[in-house]
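K.L.:
Got a structure here, written out as structure tokens. Questions coming.
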Amino acid sequence: MSQLLFLIFLCVVRSATPDFTFKNVMVTCEDASDEEVPFGTVVTANKLKPHLPSSSCEKISIQHASIPVLNPGSLADITNISLLLLENDNIQTVAPGAFENVAVDEALSLKSNKLREIRRGVFNHVRTRNLVLSYNEISRVDSAAFDNMTLLETLFVDNNRLKSIDSEWFKDTPKLKKLHLQHNQILEIPPDAFKNLANNGALQINLNHNFISIVSPDAFRTARKIQFLGLAYNQLSFLPRDWLRRVKMNLLNLSNNRFACLNGGLAGRHSTNWVDGNPWNCKCLEDLKKMEHGTFGSIQADEALRRCSQCPTCLKLGIQGSFYCSQECFKNNWKNHKIIHSLAKGENPDKPRETSYNPWPYYTFTGQLRPFAQTPKRTVPEVIARPDYAEHPQGLPLSEQAVKGSGQIKILDDEEIEGMRVSCKLGREVLDEAARVCDVGVTTDEIDRAVHEACLERDCYPSPLNYYEFPASCCTSVNEVICHGIPDTRPLKDGDLCNVDITVYHRGFHGDLNETFFVGNVSDKHKNLVKVTYECLSKAIGIVKPGEKYREIGNVIQKHAQAHGYSVVRSYCGHGIHRLFHTAPNVPHYAKNRAVGVMKPGHCFTIEPMISMGTWRDEMWPDKWTAVTADGQWSAQFEQTLLVNETGCEILTRRRNSEGTPHFMDKM
């Protein structure tokens, strides 16, 4: 029987008419997370409006509901209210037109949901002064996503997963002055990043707590006045000279970056700098070291620069703004600084195979692993069938995007089931080839080559290749890398853990699996991590049967992992798979998740728990793919593709020998 969810709309009525003097309106509707209600059921406008008072409310609040999708028209034509709050509602998708003709005086808030993208047309023409999208999972924003929000003054997109800034987001937002982008994963500020805000008056831009290491000299060239610019807790060690040449700046926060030496970009027309928490080592900055928060204006900066010298190589190459004030300062910064010279000369900073290189000199790695040079992307003969994203210039899987947000879990017919069995069998064969070559001294690029060739031999396309521009044919995740590691020329070392994630595309179907392998002599503590991770997967598979809720999988996995002192990564989940690489259902691996849906015969999906020795939190390398543990401790993963049948499930990617056990058990 469906449960009933009570959504309370707090209404303070403006009208003095006696008919509307009540304080609360109780609205009852079906719980979208219950098994008798299909995924995608939403609290739609036609369900809400009969329960709303005909008079205007001050505030409408829908919180802690389960509303995975807001379809077109869901909340259309709501006007003359002060606040519209849709918070903690598990909202994953908002379709264009959901807020058509909405007018909210103070704020529209979708805080603390599970939004992953903001599509064009969702908020266009919405009339509100404040839009709150904080604490979601947003990694993508369409161009002109906030087009024609003519009243918008403040935009909150903090605490999300944005990796870049696009000036096209802010077209036709003539009043937008306050932009909150803190606590994202932004890597750089590109040229003209805020050009469409240039004429909006004194701007307040918060970019604190990102991974910014590069600021373009032209990032703010169109701005005239900035009230506040927050760049604290980033990876900055250098700012280009004259990057704020036309800007009148009131407050610039550069605290807790990586400035060791004063450079030209720190001298500007701004009244106050916050510069505490940097590893200053220049003798001319002794007074600066003692400061916590204080004034550091352009006069002091210019005076300090007169006492500094400039890097002679930079002068020859025409690079401006590289200052140092002692030989000690120059030597301490040389290792990272010389990379700028290579880039200016057009040289490849890649080093020989046996030596790592650091393409992100200002990124702080969480563990010991470092990137190595990568080889060019491999090619696939035209005679091999391929998915739609294989030839797309941005690697976009248009077939997946066409159904994204619908939430409907496909039930495979007999022909499709047989297609999945074949692709998963071939995927298993390819992974077995990877296991054969994975050893001490072998590079992960060589593993990728073996995987690629094994795919071609079986008339398969390696599904990861060009998927959202992924540059390799498989993922190789070593030690603290959780998932999506890019194969490179680093030789595997004795004692490493190496996960190889394989997906093959054969005659229209994807087969997906992965295993974590021992490399040489692995320590007992890391062996135990791998063993427990596999047990987590096995226990989760053990509950798969018709009628089971998908959300129960995470409860089983986390219970076993925590019993051994490990944590479960939350950012990456299992997924539906068949003709589409990734689709519904979403299968979280952690407890108390809000996954929607019930297993039925014919459902096909993966379970792929990632278990870490330390924190469950993750970070991403600046390559925008490699996910690592936030504390640098090691992680392991196993994955199988499953088909729900009448009595339980069939493990489509199970190993065909050794009684189905994974390869690491051969070495236990």
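Every residue gets a Cβ built from N, Cα and C, even glycine.
No curator has checked TrEMBL annotations; they are predicted automatically.
Remember, it's a predicted structure, so these values are computed and weren't measured experimentally.
Positions annotated as protein binding site by TrEMBL: His484, His582. Feature annotation from TrEMBL assigns Zn(2+) 3 binding site to Asp501, Asp512, Glu639. Here TrEMBL flags Asp512, His575, Glu608, Glu639 as Zn(2+) 4 binding site. The domain 'C6H2-type' annotation in TrEMBL covers 289-348. Sequence annotations record features per position, and here TrEMBL assigns signal peptide to 1-18.
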K.L.:
Which chain-mates of His484 (protein binding site) that are at least 6 residues away have a CB under 8 A from its CB, listed by sequence?
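P.N.:
Once residues fewer than 6 apart are set aside, His484 (protein binding site) is near Phe470, Cys475, Ser477, Asp501, Trp625, Thr626, Ala627.
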K.L.:
Calculate the distance in Å between the alpha carbons (Cα) of Glu639 (Zn(2+) 3 binding site) and His582 (protein binding site), and round it to a whole number.
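P.N.:
So the Cα of His582 (protein binding site) lies 14 Å away from that of Glu639 (Zn(2+) 3 binding site).
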K.L.:
Looking at the binding-site residues Asp512, Glu639, which sits with the largest number of other Cβ atoms within 10 Å of its Cβ?
P.N.:
Asp512
K.L.:
Using a Cβ cut-off under 8 Å and a sequence separation of 6 or more, which residues in the same chain sit near Glu608 (Zn(2+) 4 binding site)?
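P.N.:
Non-local contacts for Glu608 (Zn(2+) 4 binding site): Asn514, Leu537, Tyr572, Gly574, His589, Gln637, Phe638, Glu639, Gln640.
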K.L.:
State which of the following binding-site residues has the fewest other Cβ atoms within 10 Å around its Cβ: Asp501, His582.
P.N.:
His582
K.L.:
Give the distance between the Cα atoms of Asp512 (Zn(2+) 3 binding site) and His575 (Zn(2+) 4 binding site), rounded to the nearest whole Å.
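P.N.:
Per the Cα atoms, Asp512 (Zn(2+) 3 binding site) and His575 (Zn(2+) 4 binding site) stand 10 Å apart.
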K.L.:
Pop the Cα-Cα gap between His575 (Zn(2+) 4 binding site) and His582 (protein binding site) into the table, whole Å please.
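P.N.:
It is 6 Å, counting Cα to Cα.
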K.L.:
DSSP on His484 (protein binding site), three-state: which is it?
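P.N.:
Assignment for His484 (protein binding site) reads coil.
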K.L.:
Measure the Cβ-based neighbour count of His575 (Zn(2+) 4 binding site), defined as the other Cβ atoms within 10 Å of its Cβ.
P.N.:
19
K.L.:
Other than Asp501, Asp512, Glu639, which residues of the same chain sit close to Zn(2+) 3? List them in sequence order, counting a residue when its Cβ is within 8 Å of the Cβ centroid of the site.
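P.N.:
Filtered neighbour residues, in order: Ile502, Thr503, Leu513, Asn514, Thr606, Glu608, Thr641.
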